[in-house]
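**Q** I am attaching a structure below and will ask some questions about it afterwards.
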Amino acid sequence: MVVIMLNYDDIKIIDEIYSEGYLFAQYGIYIKKKFKQKIFKIPVDIGLGCPHKKNGGCIFCPEMGRPISVKYCSAKIPLKEQIKKQMENQKKKGFKKFYIYFYPGTNTYAPAEKLKEIWDFSLSYKEVIGLSIGTRPDCLEKEKLDILAEYVENGYDIWIDLGVQSMHQKTLEILNRGHDVSDIIKAIKDCHKRGIKVCGHVILGLPGESWKEMMETAKILSLLEIEAVKIYPLVVVKGTKLEEMYWKGEYRTLDENQYISLVCDFLEHLSPYVLIQRLSKDKVPESIKVSPEWYLGRLKIMNKVSEILKKRGTKQGARFFR
């Protein structure tokens, strides 16, 4: 039985994507069909940091957080300016409607009143159709979700970009994530009760995690009716505990072929109705990247994944039912 939370119109759109020959449910195509136009996500940094840093943080995250290289996306720039400048630039490229994407960091790590001010302001632009908010599973208190639920009731498309990484407790402890699998499950269910959509971020190639466990993560997220996923390879960057493990020979990153093969396997074990927002990372600055050496470009990875799935004669969801 296929597990889905999407409505009938969304299901029709995804079925149409497959009928056109695509081998996985590409989010960009889905959005274009749903809204009859492309929608641009404006990334903004509101400088909220991460509550887990005081506990040492995750082993893959540097002390100061991951740098991003998007022009006009910086906590040093007022939010109004970040939105205005990026919106102006994207309008020149033909975009008319936008999501505001709160990234990086834990973007619910602030009092509810402050967050409401930020979210209200972001939605005050007539061109903005919704929000996408990156956060941790243990930082989604009821009062904050209730505010987001009001936006849903008013017709906005609200997404939580949730740092899942893995659905295995052992792995979360190795990563020093600072939360349990139960927190992930609760966060997803709490969002769904309010009509808030969830995009789970998943990392493949985590220390100590087996192929079977990675595939179980795909199936569990499907059974939790998650709407979308972003899939990433684990990247070793300077100034992290993971870097120490790497130089000691305690961890090795996946090579390109290993990663692409795992992505294909993961997609096969995922419900065909989970949207795929990403299959790789943004470019990691060479100044801080330790490993892997291969190019992480999203378009390249997406094309190679499509090529391998085609060679296998398979597609997303092919092994979800087994």
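Residue numbering: from 1, along the chain as shown.
Cβ atoms here come from the backbone N, Cα and C positions, even for glycine.
Marked as domain 'Radical SAM core' by Swiss-Prot on the basis of sequence analysis: 34-286. Swiss-Prot lists C50, C58, C61 with the feature [4Fe-4S] cluster binding site, giving similarity to another entry as the kind of evidence.
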**Q** Would you count the other CB atoms within 10 A of the CB of C50 ([4Fe-4S] cluster binding site), including those on all shown protein chains?
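**A** For C50 ([4Fe-4S] cluster binding site), the count of other Cβ atoms within 10 Å is 21.
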**Q** At a 10 Å cut-off from the C-beta of C61 ([4Fe-4S] cluster binding site), count the other C-beta atoms across all protein chains.
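**A** Here the count is 21.
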**Q** Restricting to the chain of C58 ([4Fe-4S] cluster binding site) and a gap of 6 or more, list residues whose Cβ falls under 8 Å of its Cβ, or answer none.
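**A** Looking at Cβ-Cβ distances below 8 Å from C58 ([4Fe-4S] cluster binding site), excluding near sequence neighbours, one finds H52, L175, N176, R177, G178.
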